[in-house]
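What follows is a set of notes on a single structure, which appears directly below.
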Amino acid sequence: MAKVYHDTEVSLEALKDKIVTIIGYGSQGRAHALNLRDSGIKVIVAVRPNGESWKRALEEGMTVEKIEDAVQKSDVLMFLIPDTEQPTIYKEKVLPYLRPNQALGFAHGFNIHFSQIVPPPFLDVFMVAPKGPGPLVRDLYVEGKGVPALFAVYQDYTQKCRDIALAYAKGIGATRAGVLETTFKEETETDLFGEQVVLCGGVTALIKAGFETLVEAGYQPEVAYYECLHEMKLIVDLINQGGISFMRKAISDTAKYGDITRGPRIVNEETKKEMRKILNEIQSGQFAKEWILENQVGRPVFNALLKKDEDHLIEKVGKVLREMMPWLKPKK
């Protein structure tokens with residue numbers, strides 16, 4: 001089992017008298033910046049001058065600088081902008097101003113693991129990846145709690161990088177819940193696999209396939225939507241709360257029997273073979289190369305596939321049905 005580090009085992013000492021720059025002030029950036037500040041760490045927010053993030057950070061009492069200025073003043077730099085934007089920002093606004101003994105931090109390992117960012121050898125490089133959205137990271141911190149996180153050290157020039165990573169995790173409240181040590185390779189590959197095969201790709205493909213099967217068999221699209229999409233949250237919430245066995249205790253015996261006898265016919269050995277193929281594409285770097293190239297040519301496949309799914313019947317039906325559910329606060 002992985003070693004879990006808790007609040008009492010970790011000190012903020014490694015960040016004492018250091019300046020931490022948070023690059024980005026979106027969902028995660030704002031949460032990290034505010035939590036670190038409230039933990040007594042000196043924080044600079046680095047964003048595009050006079051944009052919405054700049055204005056919001058100022059309104060919330062943060063010290064705000066242009067990225068290139070903040071880099072020169074800081075000891076620790078945390079990248080909390082989208083993965084696709086990081087390499088250009090790093091090359092143009094960070095790399096020219098780096099100095100020995102600084103630390104680069106990331107919340108996801110993609111750009112380091114797939115060499116889109118290659119840091120000079122005189123830096124520490126670490127990762128702290130909260131396992132929850134930014135607003136939750138902030139809200140739980142304010143309540144005296146925390147969101148669990150992963151941490152990793154990629155490059156330890158000062159021989160203090162591990163302490164810096166753990167101190168950072170403590171500063172955002174993660175050690176209150178517990179942090180697990182991993183590697184950039186493990187975090188990146190498992191994160192991509194989970195997104196593609198289960199959490200996003202797998203779930204959405206399963207929902208659409210079930211919906212289409214019922215509609216093609218003559219059932220009303222509205223009923224198919226309820227059975228294949230809307231009720232998904234009920235089951236996922238139970239699994240999230242207590243695991244698969246806990247969920248099964250909360251459903252009918254009929255549902256339970258159908259689950260354990262029919263589920264394996266849907267996700268079978270052929271499905272797992274395809275899962276292993278996708279994992280290999282991630283491990284070999286094939287997916288990363290494909291996604292990087294897709295961005296370089298303007299995302300034609302990405303945009304076309306998104307548009308196709310946005311025009312799917314399930315979206316049209318869902319929009320109508322969600323208007324009947326005011327508690328969902330339907331959004332465009």
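Cβ coordinates come from backbone N, Cα and C, glycine included.
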Record-annotated NADP(+) site (Swiss-Prot): member among Gly134, Gly144, Gly146 besides Tyr25, Gly26, Ser27, Gln28, Arg48, Ser53, Asp83, Thr84, Glu85, Gln86: Gly134
Spatial neighbour of Glu231 (Mg(2+) 2 binding site) that is closest, considering only the binding-site residues Tyr25, Ser27, Ser252 and their CA atoms: Ser252
Residues in the domain 'KARI C-terminal knotted' (183-328) grouped by DSSP into helix, strand and remaining coil: 124 helix, 0 strand, 22 coil
Three-class DSSP secondary structure - Gly134 (NADP(+) binding site): helix
Largest tally of Cβ atoms lying within 10 Å of a Cβ, found at which of the recorded positions Arg48, His108: His108
